[in-house]
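S.K.: As annotated in TrEMBL:
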type	residues	note
REPEAT	17-58	repeat 'WD'
REPEAT	108-149	repeat 'WD'
REPEAT	151-192	repeat 'WD'
REPEAT	194-235	repeat 'WD'
REPEAT	236-266	repeat 'WD'
REGION	268-293	region 'Disordered'
COMPBIAS	277-290	compositional bias 'Low complexity'
Amino acid sequence: MTVRLWDQGGKLLHNLASKHNDRVRSVGVSANGDHLYAIFTNRMISVWETQTGQLVDTIGPIETDGSYRIDYQLNWPAAIILHERRVVCGSYSGRIYMWRGDKLCFEAAGHDDPVYAIAFSPGGEFFASSSESGEVILWDASSGERLLEPLTGHSGQVRIVTFSPDGSVFASGSGDTTVRLWSSDTGLMVGDPLRGHTGEVFSVAFSCAGRQLVSGSADMTVRMWDVATGMSKAVYRGHTDLVLSVSLSPDATQIVTGSADMTIRLSNIPGPTTGASSSSPCDVSSESLSGSPANIAHDISTREWEMDEDGWHSIVAAKLEADIAARLY
């Protein structure tokens, strides 16, 4: 499988070559935009320069305890701090593993069932993991010790965890159709669950200011939430299958979504946005590739411009090749 880098207008910038041909599990871009990286199903990580498209680093394979199912192998969760070559990953058995390059730093027990998602805090001091049972655990990234007792509240598997830009709050999305916000200090839930989706929540993302949250669901919709009030501010429709990946632009004026309908949509947010800042991009030092499928994990074959019926302007709707064997996350 290949990794391709595109600009916002759909122009192909680089066709990125790696040293192996396994399926792409997840892709991401470093905080400063200088590097793009991909995790493959063989648990290798490749890193490229975004300007030149040159392969500059290969990490792995990242080993765990060897217990897995085929579907779990395709979607295993991991997070990375790129400049430190530090990777934390989950396993089917529920154990957590921290690697620095090719060296195992620690393994830790906490979950009793498969780990579905992992995310570093912005500073990399701690990380959160979630599991099939719906539990969420906060960990010390240096020692591998649990910082709090497992956080409970979800009644379904938790597929995604992600931190706010300042690290004070993190969000979890679940098969129980809700998004929950948690305090990183106390582990207490912040406000009421965010309700509105009618299907499993696969992906959540904060705006750079931390005042907005976007979620994608099996109900084929994307919702924007006010973090302070927990209110759903907008519902976006247009995808015809599960919405498996969402992200906000640094100025919070655009949403990019990836779906099982084999399209990627880059869409304007109509009207003024709360907390947007065109001059202050996200300032974070860690990047998480968590328990949802690859953001753009398959080849883009066609592009089209369209205006959806509900007025949501799709700037780019990129058709993906139809040989998708695993979830696009």
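A Cβ is built for glycine as well, from the same backbone N, Cα and C atoms used for every other residue.
The model shown is predicted, which means the values in this text are computed figures rather than measured ones.
Provide an account of the burial state, proximal residues and distances for the features listed.
M.R.: Within the model, the repeat 'WD' (17-58) carries an average pLDDT of 83.
Cβ atoms under 8 Å from those of the repeat 'WD' (151-192) belong to residues 116-123, 126, 128-138, 198-206, 208-210, 213, 215, 217, 219, 225, 227, 229-230, 282-284, 288, 290-292 of the same chain, restricted to positions at least 6 beyond its ends.
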S.K.: By DSSP, how many residues in the repeat 'WD' (151-192) are helix, how many strand, and how many coil?
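M.R.: Tallied per class, the repeat 'WD' (151-192) gives 0 helix, 19 strand, 23 coil.
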S.K.: Tally of helix, strand and coil residues over the repeat 'WD' (194-235) according to DSSP?
M.R.: 0 helix, 22 strand, 20 coil
